[in-house]
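S.K.: Got a structure for you, questions after.
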Amino acid sequence: MKSKLIATLLCSLAWLGTAQAADRYISDNVYAYMHAGPSNKFRILGTINAGETVTQLARDPQTKYIHIRDADGRTGWVEGEFVQSEESFRSKFPKLESELKKTKEQLASVDERHEQDVLDKTNRLQQQEQELTELQSELGELRIEHDQLQQENQRLSSLMDDKEHQMRLDWLLNGGIVAGIGALVGFLLPLIPWRRKSRNQGRWMN
C-alpha cells in the first residue's frame, strides 16, 4: 500500500515538474469534486464552484484528471471534462457587470446631454416664436400705418384736384367777366356823344 502511494506521489511530482501552470476555468453549471489523486478512487477533498478560476498544475494522461489550485490555495484533482480554457461566465460576470455599469453611466450621460440639448433647442425655438410674434405684430402695425397714410394721401390728392379744378373755374370766370366788361366797353364807347370845342372859344382863350 505504501509503495503504491509512493509511486503515485512520484508520478505526481513528475507531472508537476513537466507541466506549466496556466489559468483554467471550471465549467459552468457543474458541481465538481476535488480528489486527493488523479481518479475518483482517491478520497474527496472538497468541492469546487462552477465557473471558478483555477490554476492547472498537471494532467494525468491516463485518467484525464487535472491537478488544480483554486483561489484559496487548495490543491486537488478534478475530472478533465470539468476544466476548460475558455473563460467561464462566472469569471466574466464581474467584468461584464463593470462594463454594463460603465455603459449605463455613458448612456445616462448621453441622455443628460440629449435632454439638455433638447431643452436648449426648445428654449431657442420658443424665443424665436416670441420674436416672430413680435415681428408679426410690428408688421401689422406698419400695415395699418401704411393704409392710413395711403388713405390720407388719396384724400389730399383728391382735395388738391378739387382746388385745381376750382382755380381753373375761377380763372375762367374772371377771364369771362373781364372779357365781357371789355366787350361792353367796346360796344358802348362808340355810342357816347363827345362834345367838340368851338374854334372861337379856342381863339378867345388864346
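The chain as shown is numbered from 1 upward.
For all residues, glycine too, the Cβ spot is worked out from N, Cα and C.
Caution: TrEMBL annotation is automatic and unverified by curators.
What TrEMBL records for 1-21 is signal peptide. TrEMBL lists 21-87 with the feature domain 'SH3b'. Sequence annotations record features per position, and here TrEMBL assigns coiled coil to 93-166. Positions annotated as transmembrane segment by TrEMBL: 171-194.
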S.K.: What does DSSP give as the helix, strand and coil breakdown of the domain 'SH3b' (21-87)?
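M.R.: Split into helix, strand and coil, the domain 'SH3b' (21-87) gives 3 helix, 33 strand, 31 coil.
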S.K.: On average, what pLDDT score does this prediction assign to the domain 'SH3b' (21-87)?
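M.R.: Across the domain 'SH3b' (21-87), the average pLDDT comes out at 88.
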